[in-house]
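As given in Swiss-Prot:
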type	residues	note
BINDING	Thr10, Phe11, His18, Gly89, Leu90, Arg91, Glu99, Trp124, Ser125, Phe126, Ile127, Ser128, Ser129, Ser130	ATP binding site
BINDING	Thr10, Lys42, Met74, Arg88	substrate binding site
SITE	His18	site 'Transition state stabilizer'
Amino acid sequence: MITKAIYPGTFDPITNGHLDLVTRASAMFSHVILAIADSSSKKPMFTLDERVALAKKVTAPLKNVEVLGFSELMAEFAKKHNANILVRGLRSVSDFEYEWQLANMNRHLMPKLESVFLIPSEKWSFISSSLVKEVARHGGDITPFLPKPVTKALLAKLA
């Protein structure tokens, strides 16, 4: 039986924490779609195409991971791709509150859509794309938090 899961997010940019979760999800499910939200209302630093390209580059070794951009409701995207599992990361209690609301809304829109929550590895539990961008803007060392191609792209954006 093929189990298709979706790991959605903005991934602006994709971090080592995201990579940790998608790697672990790829070991749990037959096929994982890393679904990158357009999220234009969030005013991302990277365009959707740039985020998709970076994610494809860093997930290339994961043969059962596909990277796609999307702009529709997650429930619609899941239906279109015949997936019934959403993978989400929970870094803290504050993440849980938001994720709980999302999971319930997605289940309302698509009753067979289940949310599976993964706790990040401890060394990545404090990382977020926003925090990494803030560190980079102030000249801090971001190399421990991002895959090398992403570090290069982020530093180029800020140059």
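Note that the numbers count up from 1, one per residue, in the order the chain is shown.
Backbone N, Cα and C atoms are what each Cβ position is placed from, and that goes for glycine too.
Distance from the CA of Met74 (substrate binding site) to the CA of Ser129 (ATP binding site) is 21 Å. Taking every pair among Thr10, Lys42, Met74, Arg88, the residues recorded as binding substrate, the greatest CA to CA distance is 19 Å. In this structure the C-alpha atoms belonging to Glu99 (ATP binding site) and Met74 (substrate binding site) are separated by 13 Å. In terms of C-alpha distance, the listed binding-site residues Thr10, His18, Ser125, Ile127 place His18 closest to Arg88 (substrate binding site). For the pair Ile127 (ATP binding site) and Lys42 (substrate binding site), the Cα-Cα distance reads 18 Å.
Of the listed binding-site residues, namely Thr10, Ser125, Ser129, the sparsest CB environment within 10 A is found at Ser125. Cα-Cα distance from Lys42 (substrate binding site) to Thr10 (ATP binding site): 9 Å (rounded to the nearest whole number). Between Thr10 (ATP binding site) and Met74 (substrate binding site), the C-alpha separation comes to 12 Å.
Other Cβ atoms within 10 Å of the Cβ of Arg88 (substrate binding site) number 21 in total over all chains. Here the binding-site residues are Met74, Leu90, Ile127, and the one whose Cβ sees the fewest other Cβ atoms within 10 Å is Leu90. Proximity of His18 (ATP binding site) to non-local residues of its own chain (separation of 6 or more, Cβ distance below 8 Å) is seen for Gly9, Phe11, Gly89, Ser129, given in sequence order.
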